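According to Swiss-Prot, the features are:
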BINDING   128, 131, 145, 148  Zn(2+) binding site
BINDING   301  ATP binding site
DOMAIN    544-645  domain 'tRNA-binding'
MOTIF     13-23  motif ''HIGH' region'
MOTIF     298-302  motif ''KMSKS' region'
């Protein structure tokens, strides 16, 4: 029986250049969720695409001597190739240059204008071209864009504006009455306290300083700005504003917009207010995941630390990359991408745990029974723990995915894999094989292992798409439905397993690290379009204390670390960059006492994990020798990011 429709979206990506591992992370996560929902009986619409208009695209195309459309066509082809390589199963790929989208956006703009929510005025301010955002002088950080750190330029032009303030109170009420609308919880507090409650300014929604965009139908010297153009894709892709709205009626409102935290404001303030003005339902949830950090910070061409997913897939395969992104990165928090950790994770989890379980089991079925699966006719109490764990794991996985806890879902599956490996050691099939009278027991043990592998194969299929197919081929099974996991009997006695290649060969860590280092892009000198760095010193140890880099930061959020009485998790503003810091100050400060405070951060300590949480620095504090009290160093309300000398 088909369950209710399920609609999941990624952001539509800006095709100014090729996508990196961070973009891939969002799309792989959405794909895993979409595949899981299909597996469990939902009719799914999984949408991704590209946001193809804007001044930056126009400038890049002019520099290349081609049209903007020629430029985006080239980049979009590469994006689609990447998604094919990563086994992304999107149902629709929308481009904002698609005719149906252009017409629908023009209708949306006109409707908002006709009902008085959009008006014409002029705008003067400081403009960031890469972010396509206007800023006031007071909003700048060190004279640069507060979102990306790049230079801004003065701009004045006639423009249309959307009356954001008209709907602000209504949106605040909606967010408060729908606690799951913005997730994780910390993101909701950020939107309410930093943007909505202080008051909203009306939003500029058209431009006249460039032409690469959707013209306003009744005033064609204006092009419709990114907010209405790009955000509307989530409904225009379903047919909103078109004659056939069957998909819109079936799938809207979206179950989840999956986005990076850097575009949360647009999706949780601009977009819902636009929908309110149109009289449409709001999406059920907007989930803002964290960033993928490389070398302790965000990826940047100027640092030469941008990770190319194509290189990784060509070297290690799509499933290895998918597994690391989905298992190792805490969904909702920042996570570390590190080549050495990645390779070691492939060796331990995929080659050792899963790969060895499969190869050992298939080899024993061939060695002792010529590859023929035996009926489980000689059960013993030791079997029950494995069987009961197998039967209970699908429910745990489903609950984790419903809560968007992807790493926890994979952890549950790997708990079963580990238990199966332990079961081999406990039952010692090689000893049973020496006793002819225990042949029936040996057959039962191997059946239990094969059936456990079948469970594993079904459950990993949304995450490791190619691996699941390979396991099924060696098990010689076609029983791959989610429903089949309700009983531990899907493996058919009398069938014959099939010998196959090792699914994850072990990797020589040093050799592959050297290859990756050789392929690493050289740092690019920052230009106007690149991030202006305020460089942090090299990573240090305590022995290098004289090199320590102290920075002023503002505490944005603070909460206890689970199962760690002494630790607090802080999100701090480093001046255009947010960081997560784990600090052992819980016995001295309550979380609510720290929010809004300015403190000093040791900014160039190597990122580490403490109790499973990423810590990107250390808060400076003073304490007497008996630790009877602890005082945080107070720099006063200096600009965030300022160095302490």
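The backbone N, Cα and C atoms fix where each Cβ goes, and this holds for glycine too.
Sequence-distant neighbours of the motif ''HIGH' region' (13-23) (same chain, 6+ residues past either end, Cβ-Cβ under 8 Å): 48-52, 54, 56-57, 60, 71-72, 75-76, 78-79, 82, 130, 260, 291-292, 299, 306-309, 312, 325, 337. Listed in sequence order, 134, 135, 145, 147, 148, 150, 151, 152 are the same-chain residues at least 6 apart in sequence whose CB falls under 8 Å from the CB of residue 128 (Zn(2+) binding site). For residue 131 (Zn(2+) binding site), other Cβ atoms within 10 Å of its Cβ number 18. Residues of the motif ''HIGH' region' (13-23) grouped by DSSP class, helix first, strand second and coil last, total 3 helix, 1 strand, 7 coil. Each residue in 129, 130, 133, 135, 144, 146, 147, 149, 150, 152 lies on the same chain as 128, 131, 145, 148 and has a C-beta within 8 Å of the C-beta centroid of that Zn(2+) site, without being one of the site residues. Remark: of the binding-site residues 145, 148, the most isolated position is 148 (fewest other Cβ atoms within 10 Å of its Cβ).
Mean pLDDT for the domain 'tRNA-binding' (544-645) in the predicted structure: 81.
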